[in-house]
Amino acid sequence: MNEQQRKEQSQIKQTDHPTDGKSGKDNIERIKSTTSDEMIAKYFQTSYQPPDIKKARKRRKEDVQFHYDFSIPEDMANIGKGKKFLIRTYGCQMNEHDTEVMAGILTEMGYESTADTNEADIILLNTCAIRENAENKVFGEIGHLKPLKLEKPDLILGVCGCMSQEESVVNRILEKHHHVDLIFGTHNIHRLPHLVKEAMFGKAQVVEVWSKEGDIIENLPKARNGKIKAWVNIMYGCDKFCTYCIVPMTRGKERSRRPEDIIQEVRHLASQGYQEITLLGQNVNAYGKDFEDMEYTFGDLMDDMHKIDIPRVRFTTSHPRDFDDHLIEVLAKGGNLLDHIHLPVQSGSSEILKKMNRKYSREEYLELVRKIKEAIPNVTLTTDIIVGFPNETEEQFEETMTLVEEVGFEAAYTFIYSPREGTPAARKKDDVPEEVKKQRLYRLNELVNKQSAKSMKSYENKVVKVLVEGESKKDPNVLAGYTEKNKLVNFKGPKSAIGHIVEVKVTEAKTWSLNGEMVEKTVEVN
Ligand code: 5AD
Ligand code: SF4
């Protein structure tokens, strides 16, 4: 994208201020004086596009451009020397990984990280829009940070992530939260150095939210959280348009990274000693469908991962619709491809699935599960479920309960449906009272807990392989890590085991974790 196009798509809007340059005093004046009407009028002179499902559906595939030329502008390279940043992350793994990228960029600009808000010169809230309560938490935090900003006017307070892709959110911040200096979207992360500069030296709130989403920026720096496990993006966006979900609007269209870039990143992580990678995408099974010059699917990518010398490869999240036979065949090879599959079902009722636009029925989901279990007999399945979708009947909810039992999920993330502005389901009238939705969630959780406890019990007296991540939060004498099937294990062992895969004999099962004793007492440190 050239500078002209960038300008056209940019949402940067500066409001005028009578003085030159920005000092702490100017900043406070702006917070106090700018009226919201002024802000909004100026802001909407820009080309900002709110989430619009009709427009989003029409987006074209051929626009994906790859950029390998990211660099920090010279004048920003040392701007953070002696200063600190703090990024608070809400939501999914995709956001966690975006935070690692932003931390990487800020580190290259000379900033150091801190966990203390009082010490920070930049605070970014990397937000999640998936449900209303996620948004409420962020607005609560924005409010809590106001006294700090008033006390420290040079502090740069930014809001980024999925919420900043929503018109209503940007509106509300401009209207009510003048102490926020910077709002930028999920397609603008690589612009962070420029945005920080604008916020630092400009005189107004900086808003940059591109509705354009075609680009993949390859060589962004990453400050990874730890040296044992790493996230690797394989694709961005989602084109599935489930009727309840805001992600296709906040994260844009499906676009896959080139396999050679992914393979190179994973090889590099392996050579640095990482033990586990998780391939990330909103719908990883759609990987490669947007390639116009080659046939290369998620199954092919997993086959290539299988050949890399890294002990554990996971992926999230899958969509049942795109889970093909080739992928099942590849996963059945085992090795570093682990026998745990997270396969969101969302509902056990074919009627609700249709209303959700999930593009599979209960029967098709169960058939997929049958095929997976046949190919990988020891597989562990986990899932995501929404209860209380508009007008869900008691019978339809019961179908979810029976499906959970039939599949035997060992864990599930369960949610009450939350209407999201701009999505088709949010326009539906809903006759299910909130209290009934809560009860359904409670009943579902009881069932999931029972199944989890049962699966945990089956590990008692067995030996499991645990990738040791560190000391347990509750007791520094206890080590904690995860099995291949992603079960949390706490056990006593030497600190030298951290970062290694060790064998642990399970002595006690709890609902969500296992206690054990390490089998190998000596660990080679390589
Ligand atoms: N309300 C409740 N849950 C939702 N999810 C996505 N959108 C909504 C919504 N509007 C859940 C789905 C998805 C998970 C990440 O969040 O179960 O798989
Ligand atoms: Fe949302 Fe996942 Fe459906 Fe995409 S596949 S629309 S991210 S629930």
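Glycine is treated like the rest: Cβ placed from N, Cα and C.
Annotated [4Fe-4S] cluster 1 binding site per TrEMBL: Cys92, Cys128, Cys162, in sequence order. There are 27 other Cβ atoms within 10 Å of the Cβ belonging to Cys162 ([4Fe-4S] cluster 1 binding site).
The [4Fe-4S] cluster 2 binding site annotation in TrEMBL covers Cys238, Cys242, Cys245. There are 22 other Cβ atoms within 10 Å of the Cβ belonging to Cys238 ([4Fe-4S] cluster 2 binding site).
As annotated by TrEMBL, compositional bias 'Basic and acidic residues' applies to 1-32.
Annotation source TrEMBL lists domain 'MTTase N-terminal' at 83-201.
Annotated domain 'Radical SAM core' per TrEMBL: 224-457, in sequence order. Across all of the domain 'Radical SAM core' (224-457), the predicted model scores a mean pLDDT of 97.
The annotation domain 'TRAM' is assigned in TrEMBL to 457-520.
Annotated region 'Disordered' per TrEMBL: 1-34, in sequence order.
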Secondary structure content, the domain 'MTTase N-terminal' (83-201) (per DSSP, counts of residues): 65 helix, 23 strand, 31 coil
Entries of Cys92, Cys128, Cys162, Cys238, Cys242, Cys245 (binding-site residues) sitting next to ligand 2, with Cβ under 6 Å as the cut-off: Cys238, Cys242, Cys245
Annotated binding-site residues Cys128, Cys162, Cys238, Cys242, Cys245, filtered by Cβ under 6 Å to ligand 1: Cys245
For Cys242 ([4Fe-4S] cluster 2 binding site), nearby residues of its own chain (Cβ under 8 Å, 6 or more apart in sequence): Gln346, Met356, Asn357, Arg358
Binding-site residues: Cys92, Cys128, Cys245 - member with fewest neighbouring CB atoms within 10 Å: Cys92
